[in-house]
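Everything below concerns the one structure shown next.
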Amino acid sequence: KRDKAKPSILKVEHGAPGSDVAVKASSMPGDLDEETTTSTIITTTVITTMQAPAPCNTNFTSPGGYIETLQQARSWYNMDVDCTYTVTVYLGYGVEIQVMNVSLVEGDVVRFEDLGGREPSVLANESILLKGLVVRSWSNQISIHFRSRQPQSSSLLLRYQAFVLSCNFPDRPAYGDVSVTSLHAGGEAYFYCFSGYQLQGPSTLTCRNATTPYWSGKVPRCLVACGGMVKNTTLGRIVSPGFPGNYSNNLTCHWVLEAPESQRLHVHFEKVALAEDDDRFLIKNGNHIDSPILYDSYEVEYLPNEGIVSSTRHLFVEFTTDGFGTNTGVAIRYEAFAAGHCYEPFVKYGNFTTTDSTYTVGTVVEFTCDPGYTLEQGSVIIECMDPSNPQWNETEPACRAVCSGEITDSAGVVLSPNWPEAYDKGQDCIWGIHVEEDKRIMLDIQVLHMEKNDLLTFYDGDDLTAKILGQYSGSRPRFKLYTSMADVTIQFQSDPATNIYGYNNGFVVHFFEVPRNDTCPELPEISNGWKTTSHPDLVHGTVVTYQCYPGFEVVGTEMLMCQWDLTWSGDLPRCERVLSCPDPGTVEHSRRVMSGPRLIVGSTVQYICNKGYSLSGNSLLSCYHRDSTGPKWSEKLPKCIRQNPGTPPYTIQSSEKHVYQAGETVRFSCMSGYELQGEPVLRCVPGHPSKWSHPPPLCKGSLCVSFLSAVDVYLLICCFSSGVQGKSLRLSMSTSPQYDHIRGESAFENPIYETAVSKACIYQQGTFITDHLITCNRNLFPPIASISSDISWQD
């Protein structure tokens with residue numbers, strides 16, 4: 001668009017290859033003739049042209065580049081600046097903008113808006129605009145509006161780049177989990193529940209719409225079923241409806257457990273908490289309601305630590321509640337075992353190692369607790385004994401979160417007593433944490449949910465007389481504390497007059513030994529993966545990269561950076577098993593055909609090269625899974641290589657092949673009577689893809705032509721753009737051998753020879769015949785290079 005009344009200067013600074021140029025705009029007064037264009041070359045290119053209302057209203061379409069506003073010099077008119085920059089990328093991509101530099105004055109307005117919806121959506125404004133800020137759109141188009149009344153004092157430098165849009169990682173259902181094949185369009189999320197729970201809702205969700213990705217439905221829930229038949233079971237769990245919350249009234253739930261043929265069942269008790277009325281929990285030795293009772297909550301005050309064992313392959317479980325009162329309910333774990341074997345041991349909030357996974361006689365098992373828990377009762381090591389009736393020589397231990405303790409580990413966890421169950425009233429617990437003298441401690445309080453009269457206090461030292469780092473009650477979101485020395489004391493006090501009920505009420509405090517004041521805290525290892533660190537001391541700017549073992553992939557941010565405030569740039573990632581092949585990507589100068597929307601095992605991808613390119617490699621890739629490394633492609637990605645550049649008219653190639661490899665050359669020459677224009681040698685330059693170093697040359701006719709007539713005479717034809725009127729002309733009657741084989745139909749790019757009417761002289765046996773007129777056309781005859789003779793032309 002042009003505006004005759006408002007000429008301006010557009011300053012274009014060339015950026016990196018492949019990026020948009022940065023546009024700096026300033027308006028200037030005065031009149032300018034619309035037909036006048038002035039170009040001045042200094043170090044950049046300055047073009048004075050008609051642009052309205054200001055050249056800062058620009059649309060960028062490259063996948064990356066810079067946007068910069070130009071500071072205007074102070075002048076008597078101080079015109080306002082009102083600019084709108086728009087960045088548009090391909091559908092399926094979003095725009096990420098990073099603030100590289102910003103200098104604003106009072107009254108300046110900067111607004112980032114996403115343009116993908118029916119109405120623009122504000123993403124950020126000048127109130128949060130700081131160097132380093134990153135803004136991401138959720139569509140393929142974003143706008144930046146900049147308005148300033150003092151443009152000579154304001155500036156803004158932004159860097160933008162495209163990124164692939166994706167669905168957010170779906171929420172995990174309570175008492176279940178989720179695995180995702182891909183967060184991009186076509187990817188699927190698979191949901192499942194822990195033992196004892198059943199899925200309510202879709203088990204699979206699909207990421208739809210590459211333009212604005214979203215999941216195809218709501219996340220399902222994991223709920224407890226009231227009763228059921230479980231056949232051929234080997235391992236599982238039964239919980240009361242609502243667990244770990246309270247059950248409801250007037251329930252009657254029956255479960256029948258059936259082990260595989262010739263096996264028996266063992267039951268571990270995790271939790272039994274019933275109201276004091278007529279609520280009841282029974283386990284019976286058989287498959288019907290009248291079977292003999294093995295456990296009755298009416299009759300037993302304490303849970304049997306060793307559990308109970310069936311005499312047959314069946315157990316009948318009954319849970320009933322009345323119309324009054326409620327409580328947490330029950331949770332049991334069952335496992336089947338064969339004759340001659342002990343049952344599989346179990347420890348809640350812990351783990352164990354074993355010498356034999358089938359638990360035959362002589363098997364030894366050693367128990368450990370999860371971080372924050374302590375082994376109580378039972379034995380740390382047990383052995384399967386008695387071949388006639390195999391059984392463990394000791395009961396399994398229990399892992400509990402205890403009140404108080406002294407900890408000297410470099411990293412660990414402090415839990416509220418009985419976590420994740422509720423703590424007791426009237427408790428006074430003290431933990432002391434001690435690390436190396438030249439270190440300090442970072443406290444990551446991940447969960448804090450207590451009653452308002454309960455207190456959690458952190459002391460910066462090894463006793464209760466030290467300085468208080470912080471004192472908290474009630475509930476707070478996650479936060480962190482740092483000590484100034486190598487010791488910290490944690491005190492927890494619960495109100496003697498107040499009971500707290502339910503799971504996950506209390507606190508969870510992770511601690512890490514960290515260098516003093518100038519480094520980020522140490523990051524833990526992850527299951528099924530490892531980490532690498534760019535700097536040994538975890539100083540500011542250190543990058544920790546997480547990678548997964550073969551067959552697993554990183555979920556979350558694989559690279560974490562130590563920031564200025566000595567915190568990490570994101571949460572810890574995890575490794576999940578790969579269920580499909582990764583997208584093999586595209587091949588330049590080709591299109592691909594996929595067997596289906598998901599790249600699961602057995603799917604194929606075929607690549608077809610565009611016209612002018614030849615396939616190098618296998619065109620068909622198949623996804624297979626044969627070992628522990630996980631699904632992978634059967635072949636490497638092929639390439640589409642540029643074919644022979646071709647032979648222009650009247651040229652000769654030194655060698656003609658269909659395909660040339662990187663580094664090979666081809667030489668061109670012209671037929672006799674033609675001259676080469678361009679580079680005679682072309683080289684195949686390696687790259688992605690490879691390309692020719694120059695375009696193919698051309699062969700054009702020489703300036704003179706001679707040919708043999710039917711009567712064996714030589715015709716010398718000379719064309720002029722203007723006639724020679726009665727003047728002497730010296731012509732050379734010699735011919736040059738180099739023009740002997742020029743074809744008359746050759747084309748010549750010389751306007752002098754177009755439609756000129758002039759004289760022609762024909763030489764035959766020493767006599768000139770001058771009464772012929774010839775019309776010269778560049779498409780028929782080329783001119784003679786030179787003619788020398790004493791000739792007078794006649795009209």
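Residue 1 is the first one shown; counting continues down the chain.
Backbone N, Cα and C atoms are what each Cβ position is placed from, and that goes for glycine too.
Per TrEMBL, the features are as follows:
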- Cys226-Cys253: disulfide bond (DISULFID)
- Cys548-Cys575: disulfide bond (DISULFID)
- 165-224: domain 'Sushi' (DOMAIN)
- 226-337: domain 'CUB' (DOMAIN)
- 340-401: domain 'Sushi' (DOMAIN)
- 403-514: domain 'CUB' (DOMAIN)
- 518-577: domain 'Sushi' (DOMAIN)
- 638-701: domain 'Sushi' (DOMAIN)
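Positions of TrEMBL features highlighted on the structure.
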residue : record         : DSSP (3 states)
Cys226  : disulfide bond : coil
Cys253  : disulfide bond : strand
Cys548  : disulfide bond : strand
Cys575  : disulfide bond : strand
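Cys548 (disulfide bond) sits 40 Å from Cys226 (disulfide bond), taking the C-alpha atoms as the reference points. When Cβ distances are compared across the two stretches, the domain 'Sushi' (518-577) makes contact with the domain 'Sushi' (165-224), since 3 or more pairs at least 6 residues apart fall below 8 angstroms. Secondary structure counts, DSSP: the domain 'CUB' (403-514) has 0 helix, 58 strand, 54 coil. Per-residue confidence over the domain 'Sushi' (638-701) averages out at a pLDDT of 77. With respect to their backbone Cα atoms, Cys253 (disulfide bond) and Cys575 (disulfide bond) stand 38 Å from each other.
Look at the disulfide-bonded residues Cys226, Cys253, Cys548, Cys575 and count other Cβ atoms within 10 Å of each Cβ; Cys226 has the fewest. Each residue in the domain 'Sushi' (340-401) gets a DSSP state, and the totals come to 0 helix, 26 strand, 36 coil. Cys575 (disulfide bond) is 34 Å away from Cys226 (disulfide bond) when you measure Cα to Cα.
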